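Peer 1: Dropping the structure in here first, questions after.
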Amino acid sequence: MPALACLRRLCRHLSPQAVLFLLFVFCLFSVFVSAYYLYGWNRGLEPSADASESDCGDPPPVAPSRLLPIKPVQAVAPSRTDPLVLVFVESLYSQLGQEVVAILESSRFKYRTEIAPGKGDMPTLTDKGRGRFALIIYENILKYVNLDAWNRELLDKYCVAYGVGIIGFFKANENSLLSAQLKGFPLFLHSNLGLKDCSINPKSPLLYVTRPSEVEKGVLPGEDWTVFQSNHSTYEPVLLAKTRSSESIPHLGADAGLHAALHATVVQDLGLHDGIQRVLFGNNLNFWLHKLVFVDAVAFLTGKRLSLPLDRYILVDIDDIFVGKEGTRMKVEDVKALFDTQNELRTHIPNFTFNLGYSGKFFHTGTDAEDAGDDLLLSYVKEFWWFPHMWSHMQPHLFHNQSVLAEQMALNKKFAVEHGIPTDMGYAVAPHHSGVYPVHVQLYEAWKQVWGIRVTSTEEYPHLKPARYRRGFIHNGIMVLPRQTCGLFTHTIFYNEYPGGSSELDKIINGGELFLTVLLNPISIFMTHLSNYGNDRLGLYTFKHLVRFLHSWTNLRLQTLPPVQLAQKYFQIFSEEKDPLWQDPCEDKRHKDIWSKEKTCDRFPKLLIIGPQKTGTTALYLFLGMHPDLSSNYPSSETFEEIQFFNGHNYHKGIDWYMEFFPIPSNTTSDFYFEKSANYFDSEVAPRRAAALLPKAKILSILINPADRAYSWYQHQRAHDDPVALKYTFHEVITAGPDASSKLRALQNRCLVPGWYATHIERWLSAFHANQILVLDGKLLRTEPAKVMDTVQKFLGVTSTVDYHKTLAFDPKKGFWCQLLEGGKTKCLGKSKGRKYPEMDLDSRAFLKDYFRDHNIELSKLLYKMGQTLPTWLREDLQNTR
């Protein structure tokens, strides 16, 4: 108070002129403070006058000094979040959003996309105290900045609590302010700029793959760039660039030398402002360096949980050695260049070796100069790796006789032995990838018989495009690796005649598709051809420049391995890919073209009865077989009427094995095949596998009270002399604790787990559309089968219908409905069906009623959502629950 009184007395003694003078001094001081705040970072980025120039003749960028000490930020807590990325996009079809997703998919990172809410609900961020997302990405950072207060606070608190970072993109448009402060942040944006000469801040802590030793000379794509500016210590520039013209950025001053300053196009927020780490991009991902830094940003903000190791394995296959018309083959100088380039590449890739695939029939079929090239190549036989094609370069799927295929291979092997070519590499490639996928069984058997093949590769699994989805699998003891293209094909042999111009090839190499293939794949097998190594030798040009570019801009450790070791490394990294996923060959034209013409997709079933077990599936199987247009599978010698293909070891026998259970259709329009395997229902793998091979199939499931189903399974096991079922009562089985023996727990699971109906149907709904699935009332099927069969026929859409009221009759001795034959006789199921056994004890009934209560409630909700009628037993159960 005394101080305030003194101030009042002082003011009374000041003249108006003195007050104005003091105001002027205060304003001048404010201007100096503002100038320091605005320009401090920018001046810190200017190259020092005495800095030594780099190899490219450009002064190295100087990162700004932090004005405040670093404060502790919540560390990434990998154990507290799932390795899932939440991507907020403008729309499902926006280009930048798709590019972000493509990089995540290529890296095999799991993600979830959401339309960015301006207002409205935010996705659930936690589940039982665990964070659902390890990283948040905003296609448009303004959608994050302008979130309503509730959602913004919700998201920010989540990021702070779980150590989750944010990546955002700012894409200027014609309505963007030239200069503005990002709302709520000590960060200024200057937009709609043209930039050039991009460099990397070597002090940036997020750099991992990116090597900061180069300057990308030239104009950056687009004129809608945004640069970031701040004097707060939380911001660290990552990428820096100059303005294209000599004009200064508006509002940054008219200093004549200011245009030469470096401006941040990507900035890292260290989290010192609000505890959240972020990486902000001043444009989209069209600029290749943004893609590289984006990969590093994902790695840094997730504590390297979402990152690949720095090791990259590269194998370059040269297909069609000795194959090719005159004028496209290698001559003596080309062979020498191949050998010299291999040695040159070994300076960056230890023991790099070209892998040569040959068809011996075409040896010495070129010009004299090309034949001399063949001879020189064979004189270098020990310098390269070798693998066989077919002798006459024929497509294997055209050979239906395995012995003929083996004869062709034997001719190629004889040629190899005669010319000293090693035959024990264990790797082969089929011409045009024929027979590898879709699988031609004869090819796999002949490969093993003649060559002892252990590894092959293809670009066709699961599909040619998009390339980022290509995967590996193992079939019949042969490891199949994904193969990549590199922009070179049999017809691309001259640099100046490259499609789109030579600059297109350079673009693919220097930060383009080929560069990204290596960046985002730990293992890359590249397909090239003999013709790419003659004439302008584009194959050598491509890989020399690619390796140089990778060495200049990345910290990747380039390596190579022979094919068998490479395959072992691949499945060590991607062990989840060992099991194949068979698809309908007729759904992909390329697959159909390399699939045997003797095979037809019409042999696949159009209906699956999936179970679960002990609900009446065998009766339904019998009733469907009575329809003239419906045909069931042939019986299995092991599993009787059930094929059990999609859920177990039979799946690895392939689709040829599966099709053998169905006849070749006489009428593809009316013939309707179906199969019943009751253990498909609760299988974790069957829905996905079935949807891949039979995407248009109809699915039938029969449900009875899960308590009755559990008891029926227990009695079924007793009837088959299961020692565990004979030893323990039903009540002991279903109430067994976690310390019970493994065999007892296994029986308990088979009694109880299939009764989690909603859980299993949800899994099938994730693979098939709801209108492809029909859930039948098992109790009604037992009492009124004709009524149920009318529903089934309508669901299947069969052209002719059967009146089951006239074809079914109740057999009082059996106690269920049977097929009515001529003369009033009936054909019923075997002795094992309809077995009589004691009633379930009341304690077990009460236990199961309580055990399945929540499952049944979820089932009722799910069936309502699917638009299907609730089974009578479920309605009764829910009424009694109330």
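Here the Cβ of each residue, glycine as well, is placed from N, Cα and C on the backbone.
Below are the features I grabbed from Swiss-Prot:
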TOPO_DOM  1-17  topological domain 'Cytoplasmic'
TRANSMEM  18-38  transmembrane segment
TOPO_DOM  39-882  topological domain 'Lumenal'
REGION    40-598  region 'Heparan sulfate N-deacetylase 1'
ACT_SITE  Lys614  active site, for sulfotransferase activity
DISULFID  Cys818-Cys828  disulfide bond
Peer 1: Could you tell me the mean pLDDT over the topological domain 'Lumenal' (39-882), as a whole number?
Peer 2: 92
Peer 1: Round to the nearest Å and give the CA-to-CA distance linking Cys828 (disulfide bond) with the residue listed as 'active site, for sulfotransferase activity'.
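Peer 2: For Cys828 (disulfide bond) versus the residue listed as 'active site, for sulfotransferase activity', the Cα atoms are 17 Å apart.
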Peer 1: Between Cys818 (disulfide bond) and Lys614 (active site, for sulfotransferase activity), find the distance joining the two CA atoms and give it rounded to the nearest Å.
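Peer 2: On Cα coordinates alone, these residues lie 17 Å apart.
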Peer 1: Quick one: give me the count of other CB atoms within 10 A of the CB of Cys818 (disulfide bond).
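Peer 2: Its Cβ shell of radius 10 Å holds 21 other Cβ atoms.
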Peer 1: What's the number of neighbouring CB atoms sitting within 10 A of the CB on the residue listed as 'active site, for sulfotransferase activity'?
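Peer 2: Looking across every protein chain shown, the total is 22.
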Peer 1: Over all shown protein chains, what is the count of other CB atoms within 10 A of the CB belonging to Cys828 (disulfide bond)?
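Peer 2: Other Cβ atoms within 10 Å of Cys828 (disulfide bond): 18.
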